[in-house]
Amino acid sequence: LDWWQADRYCEQHFAQLLFEPQHSEQGSFSKLLQSHHIRGSVWLKERDSVLHKTKRRRGHTVPVLVFRDKTDTKYVKVLSDFPALPAVTACAHLQWDTRTQEIATIFSYAVPAFINEFQLRGFVDEEGFVRFALIVHGHHSPYLPVFRADGQWHHFCVTWQQENGTWAIYADGKRRASASGLCSAGPSAPQAILGQGTFIIGQDQDSLGGTFRAKESFSGNITDLHIWQKVLSSKHIEKVRSCWVVEQDLIFGWSSNALEVESTVQAVATQLLCPGPVEECRVLEVGSSGFSYASCLQTLPFICHYSKDAYWQLKRAQLESSHSLASRMNSLAVRTVIPDSVFTSGVQDMNISVALDALDILATVLREGEVPMLEPSDLLTVLQLLKQVSDLEIQEGDELEMLEQLGQYYMEVTELILEEQNSGTWSSISQVIRGPMAVVELCDRMVSLLVPLLTTERTKITIQHGNIGLHRVTVKNMWFGYGSLQRCLSSSGTSAVSQDTAAPHGGQKYLSTTVGTAVVSSTLLSDAQEISTSVRYRLQHRAQVPPRGCNFHVFSLVLLHVSPDAGGMWSTAGCSVAKSLPDSTACFCNHTTNFAILLQVYEMEQRTTKEEFTLQTLTFIGCGVSFCALIVTFILFLVVRVPKSERTTVHKNLILALAAGEALLMFSELAKANQVLCFMVTAFLHLFFMAAFSWMLVEGLLLWSKVVAVNMSEGRRMKFYYVTGWGLPVLIVGVTLATSFNKYVAANHCWLNVQTNVIWAFVGPVLFILAVNSFVLLRVVAVTVASARRRSKMLTPNSSLENQMGTQIWATAKPVLVLLPVLGLTWVCGLLVHLSIVWAYVFVVLNSLQ
């Protein structure tokens, strides 16, 4: 048989494919085979090693990274420059550590503007599947099963593209999950995965290139990682799985020279498993006593290995058998359904139709009591058939009615072989089968085949025969009203939300997720053992008013894996919204656990596209006019030779800072595409506008020195002014960059990040300067009005009250009109922008023309 058939044959015959003999055994073992006239190659199963290498491909030796345990120190950094990625594919071979069920980060890619830029995480679920979730710009896909946590090597690929946010996860050549809407392009989402970031294997970066946590680290083995700046087709992914490197658009190829490996990470050279026609499996060369490899699809001799006790029990069962069950079934089926011996039965290609016929006949024979008590050989052949049926793969297009009937027959057969009169038979094969609990394991595998039967319309399946099925079921329901539990979950638990947070209508920006209902728990117990069934539930939303400028979008999620260590995690796996109303939501889930409704808060779009375009146009025109005026003024100061004074020096510095800031502002949108350039533009905008405000403060201080006597020489004053005008901005920008480097730039604009405290590095000093200059303006106006009143009385003592009032009003208005822009007080309008679009227009016009 070929290697796969040989391995399955041995397993179905209660044995294992022969393991690679020890070095000391090779000579005698080869002589034994030759005495039985066996020549050439014989299939072998390799013994488990550190890497659990079961099959390897000759000539494809690669470095394997071994992450032995979950730690906060082990990591591998990819030494490669990453461009901006509107589309990406990442593939690798992986061996998962099955000892832990905690979340593990396979890789994480971070950029200065966003830490969770591109990431792949996974964990082992309670059913023994590894579930993966893809993260792009901090937005989660759901955790979905991709392959079994069996300790073997598996190949995976993940793809994402900016258009529609389409993503997919492949495992072992098959697409396991795909959807759209994962951070798709729009006003609230970055256009592509940003370039020039840091790519770390085995750890989640909480800061750029560091701050790892053991709880989220990867444990296992990984190799052959490749990354492309495009979405590979299924055909190309199959090629990559077979160890062909697709060169086009490859931005990182697996190489030891391109990796920075932390000292405690072990690097082991191994020959990589590659499936397909090129796959090769281990063989023993009889005669030479050496090992080599052959194509796994070749048909070669093989040997099944038994323990001595199990072998002699099987032999005794065959010798003492009357074959009554096998002969009765075969005569009814008019073909060989059950062979005379478990040793001689061949490998059957079982499908749902063949399985249904076989179990139908078997159930009929057992039900009618034609075989009153099962012999050991009968029981073994029944278990052999049940094992073949439970290993079925349900194909698309299979009739679900046949699947349900298959489940009915399966339960009936298992119930019949567990009847009390067969207890002695179970004892007689105890070395071969570990007692009746083997049936429980087979039933558990069979239940997994029935999952396609659960739908929104059909929420419950009852398959029961005698004592097998849902027997003596206890239903436990718990309810947690809205209170401290929900508030704690909203503040901490929702950080582990497995979700697609892309805005439902494209133009909205995701802000947060909050628990919006009570939490209900549903558990079913059968004979004190927890079992799972489908659930339909409806929860009323907690009455609440969204924050100003926000609205709520409802998602149905369930709380899974609740444990003191893991803290619980939200997931939509197996659940769907059946009906959504303004005050409540009804959901269907195909399993029991803890349920709640989460409300996702989105920022409402305050301005239309037309309004945004008008504001941008006004800003560009106003800044352009201002820039020209500032340059002309600066040239006039130089050409006309205005007498040098404190005032002209301060004016020149203010002109320089404002002109530089407004020039950068006009062209800042062009820098968005380049991450490094955008970062530099943001830093210089921060510096020059901070300098402009500092020189506005100096303008205020200079006016104050003319109004109030100041005991400081002109030379000392200018030094103080220069320190305030340029030194203070440099200090503020430097401290901000040092403390908030990774959170400095906003997601969609080349400006400070308003979602973090970084924006206060600009707003805080500006508010202080505006407050000081407002006080200066009031004092100057008071002095000016008082001076005008005295002058008016001296020059025109007999003027009318009306004329005096007019003089005083002009004396008040003139300094206000002149000093408002000079002191920067027109920026106070910014505090009113959120109230109305009109204030936004006023703010843009006044300050772009400052």
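Cβ atoms are placed via backbone N, Cα and C, with glycine included.
The domain 'Pentraxin (PTX)' annotation in TrEMBL covers 61-274. For the domain 'Pentraxin (PTX)' (61-274), the mean pLDDT of the prediction comes to 85.
Sequence annotations record features per position, and here TrEMBL assigns domain 'GAIN-B' to 436-605.
What TrEMBL lists as domain 'G-protein coupled receptors family 2 profile 2' is 615-850.
Per TrEMBL, transmembrane segment is recorded for 618-642 (among others). Sequence-distant contacts of the transmembrane segment (618-642) (same chain, at least 6 residues past either end, Cβ-Cβ under 8 Å): 648, 651-652, 655-656, 658-659, 662-663, 665-666, 841, 844-845, 847-850.
For 654-671 (among others), the entry in TrEMBL reads transmembrane segment.
Residues or ranges marked as transmembrane segment by TrEMBL: 683-708 (among others).
Look at TrEMBL and you will find 720-738 (among others) tagged as transmembrane segment.
Long-range contacts of the transmembrane segment (758-785) within the same chain, counting only residues at least 6 positions beyond its ends with a Cβ under 8 Å from a Cβ of the stretch, are 686, 689-690, 693-694, 696-697, 699-701, 703-704, 707-708, 728, 732-733, 735-736, 740, 743-744, 752, 808, 811-812, 814-816, 819-820, 823-825, 827-828. Annotation source TrEMBL lists transmembrane segment at 758-785 (among others).
Here TrEMBL flags 816-842 (among others) as transmembrane segment.
Counting residues 6+ beyond its ends, the transmembrane segment (654-671) has Cβ neighbours under 8 Å at 616, 619-620, 623-624, 626-627, 630-631, 633-634, 637, 677-678, 680-681, 684-685, 688-689, 691-692, 694-696, 698-699, 725, 749-751, 848, 850 in the same chain.
The list of residues near the transmembrane segment (816-842) in space but at least 6 beyond its ends in sequence, with Cβ under 8 angstroms from a Cβ of it, reads 549, 606-607, 611, 614-615, 618, 692-693, 696, 699-700, 703, 766, 769-770, 773-774, 776-777, 780-781, 850.
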